Structures are given as structure tokens and as C-alpha cells.
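Here the structure is laid out as C-alpha cells; the discussion comes afterwards.
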Amino acid sequence: MAKKRKLEKAVEDERLERKLAIDKFFTQKRNTWSEWWKNHDLFKKILFTLFIVTLFLAAGTITIPGVNLANQNQLTQGDFFGILNLVGGGGLRRFSIVALGIGPFISSSLVMMILQTKAFPAIHRLSQSGPQGRIKINFITYGATFVFSIVQSLLLIKALVNPRQGFGITFSPTITAMLGAKGMFAYQYFILPMILTAGSFFTLFLSEQITNKGVGNGTSIIIFAGIASGLIPTFKHAFEYYMPSIKQNNVVLREVINYSVYILAYLLTIFVVVIFTIAERRIPIQQVGAGLSKNEKELSFLPIKANPAGIMSIIFAMMVLSVPTMIANMFDPNTSYYYHWVYSNLQFTQPLGFFLFVIITFGLTILLGVQQSKIDKISEDFAKNSTFIPGIRPGDQTETYLLNIVLRLSFFSSGYLLILGSLQFVQQMAGMPASIAFGGTSIMILVSTAYETIQQIKARYKSQELARKRRMIRELKEMYGEEEEDLIW
């Protein structure tokens, strides 16, 4: 009997010990996960960014009630609707509640960017007024965003209700019968613009959350998500166009080669854009008191991007030239002379439209290149910090030297932007369907956004690792009772 009780006690002790071991294991794992989660802010920011992007893409699937979309496959980057879809984040493809997307904010930001140049002294002085001036400029930008949202939504609805051909919208018979003529007028020109405007500001709110709490620039990430979501349908249409025999289980070698050439051309364009995105002109600089050096490898550098204007000049040029087309869509195609003249002359595939596209892109590339580089501020900071370019006097001579470099780079990059921007129009002129003609503009946005986001992630990772090492050193000192001594020198 005693032996039996002893055996039962041993079994009970073993069971209890096993239970304690399991509890200890899960407690350690839980503490390890909590510590890991607490010390990995970058991972949380990436997850937050992915969550916001998913939220935006989900909102893009919520269509406006009572509205039917027709021929969305004919939406291309070559017309006004395509431009709005591009800069808006792809919501126009389904005419969702976020159809305008970030487009109105982009338009107002571009206008404010131009107004902050020296050509407009009042706004320029405001931009140089520190944080208070920046707050006022942001307030003006948001006000302009609201105005652009209302105007763009009204013109967009008017143009889509009676489209020239292809892409457009119709109202369902149910809502038409329920509201009547007067109700439909109010729904079309009051309710729908309010929905689109609210969706635009919701998208703006999401982009600001990414900028403040996530990784990357929120506006760029939203546009990136919209473009990336449209890549799969584009490649699907290209596959169906170049390989029609696949439906009959009869693959032709020529079709495979044609589709392969299409993919290789797309990848080659990405490669060229990547090279230009990371390319920069490095100007050697020195600081008074740091010691003079004749070896350029020992000098610091002022980097200036090979494309100082970025992508904004070509986007703005395409938006400006697409406005007449949007206005023309509001006229009767059977009786309006203006309608036929615009479609015969101002399309990007027409000589006059292409010429205007080249001129506007060239001018905006020069203007925005100088404005974005902030030459005057760099020259002023050099003077304050006793920094100089070897062989160049500080002050006006430094500013002139940097301005000449930026102008040369802008002139060179304008040709690069024109080639990529006109890539899709050249493909259409060669007979390629508009639905599969890939645009250099969208590729530039994809590459530049991905590159900037990766660079920001790397910088934050290095900062996080440095903070972690400092925390470990502090904990070790506290563990061994060491205290930091105040140093006199």
C-alpha cells in the first residue's frame, strides 16, 4: 500500500514538473515575443503601411450606388481619365468611392509648388517663413484640394455620362425611376460630387497616416498601390493579344516570341528607369577648419539627382493637355466644332498635341528642377556653415555655379522624361492596343516610390539598431553597477 502511494506521488510530481516546464516554456516564448514586438518599431510601421494600403484597395472595390461602369478596359494613360486614374491611385478604373483618389491633392500641390518660386513673391516669402509659413501653405493647399475635388468631380461626371466612345458610366434604371428627373439631377451634380470629394479626402487621410506612422511617402505609396494593382490585368490582356492560339491549345512559336519581347521591353524600361533614379552628380565640398585636401576621395560631396525635377513635370504636362479633352466630352459630338477640333488636334498621338506635350514637359522640367533643388537655400547654408566648393567663391558665385549644373541636368533629364513619357503614344502609333501599351510614367512612379521607400527602411533600420545597441550597453552597465562619470573634457 505504501509502495503504491509512493508510486502515485512520483507520478503526480512528474506530472506537476512537466506542467511547470510547459508553463515556463510558453511564458518565456510570450515574454520573448512581447520583447521582440516592443523593440521592432520598423516591423510595426511596415505592417501598418500594408494595412493602410489594403484599406485603400478595399475602398477601391466599393462602387458608387446606382452607377454602372462601361468598357473600363479602354481606360488608358493617354487621355484625361487615364491621367486621373494614374495619379489618383487606380480608383477610377471601377468608379469607386475613391475614384478621384489623391488626384486633387496632387493638382493643388503642383500649383502650390509653382507658386512658391521667386516668380510669385508673396507665396515665396511665405514658404521662407519657417514653420508658421509652412502651416499656412498647408492650409492653402488643403483648401485648393477641396476646390479641385469639386471641380474635377463635376467635370468628370459630366464627361463620363456622355462619353465619346468606350469608357463611361450609366445610371441604373432602378435609381432613375425612383428619383425621377429632378432627383437624378440632384444626385448627379450634388450627391455624386460630395461622395467623390469625401472619398478624395479619405484617401488623403490614409496617405497622411502612412507618412506619419508608416514607412515611405504616403502620397507616393497610394499611387504605387493603384498602379501595381492594375499590372496584372495589363499583362493578362497582353497575353491574350499576343497569344490568341493558347485558347485552342495550339501554341505558336511566333506568338511566344512576341509576348517574350513585350515582357523584355517592359523589364528593360524598368532597368533604365532604375539607373536614372539612383544616378546623381556629386559636387565635392569642404569646410573651413577641417583641413584642405587635394585628394577628391577624402572630400565630402553634395549630391544632385540626375533628374532634379522628378516625375511631377511630366504628370502635370499630361494633366494640362488632357483638360481640353475632358471639356470637349461635355459637348454634343454631332454638332460641336470644338469637340471635333480637340479630338483631331490635341490628342497625344496627333502632331500638335505631341508638340505641346514636348514643350510643356521641357519647360516644367527646367522650372521644377530649379525649384526642387533649392539652390538659394543651399548657397545660404554653405555661407552659414563655412562650407565651400573648391575653386568657387562662396555666395553668388556658388549659387551661379550650382544653378548652371542644375540647368544642365534638367535639360538632359527633360529628354529622358520625354522619351519615357511618349513611350506609350509611340506604341499606339505603331498599332499596339491602348489597353496593353505600357507607359514610362507609371514605371517611373513605381521605381522611384520603391527606391525611396527601401532607402527609408534602411535608414530607419540602422537607427533602430543603433538605439538597440545603446540600450543594451546601458542595461549592462546597470547590471554590473557601473555609472557613467561626468566628463570635464
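Keep in mind that glycine also has a Cβ here, set from the backbone N, Cα and C atoms.
What TrEMBL annotates here:
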- 46-67: transmembrane segment (TRANSMEM)
- 95-115: transmembrane segment (TRANSMEM)
- 135-157: transmembrane segment (TRANSMEM)
- 186-206: transmembrane segment (TRANSMEM)
- 218-239: transmembrane segment (TRANSMEM)
- 259-279: transmembrane segment (TRANSMEM)
- 309-331: transmembrane segment (TRANSMEM)
- 351-370: transmembrane segment (TRANSMEM)
- 401-426: transmembrane segment (TRANSMEM)
- 432-454: transmembrane segment (TRANSMEM)
For the transmembrane segment (46-67), give me same-chain residues lying six or more residues beyond its boundaries with a C-beta closer than 8 angstroms to one of its C-beta atoms, as numbers and ranges. 89-91, 93-99, 169-172, 174-175, 187, 192, 195-196, 199, 202-203, 206, 209-210, 213-216, 218, 221-222, 225-226, 229, 457
Could you check whether the transmembrane segment (218-239) and the transmembrane segment (401-426) come into contact, where contact means at least 3 Cβ pairs under 8 Å with the two residues of each pair 6 or more apart in sequence? no
When counting Cβ pairs under 8 Å to the transmembrane segment (401-426), the leader among 186-206, 259-279, 351-370: 351-370
So, taking each listed stretch (259-279, 351-370, 432-454) in turn and counting its Cβ pairs to the transmembrane segment (95-115) that are under 8 angstroms, which one gives the highest count? 351-370
Quick test of the contact rule: Cβ under 8 Å, at least six residues beyond the ends. What residues does that give for the transmembrane segment (186-206)? 52, 55-56, 59, 64, 66-67, 88-89, 91, 96-105, 145-146, 149-150, 152-154, 156-157, 161, 171, 175, 179, 218, 222
Chain residues outside the transmembrane segment (432-454) and at least six past its termini with a C-beta under 8 angstroms from it: 73-74, 76-78, 86, 215-217, 220-221, 223-224, 227-228, 234, 237-238, 241, 262, 266, 269-270, 273-274, 277-278, 310-311, 314-315, 318, 419-424
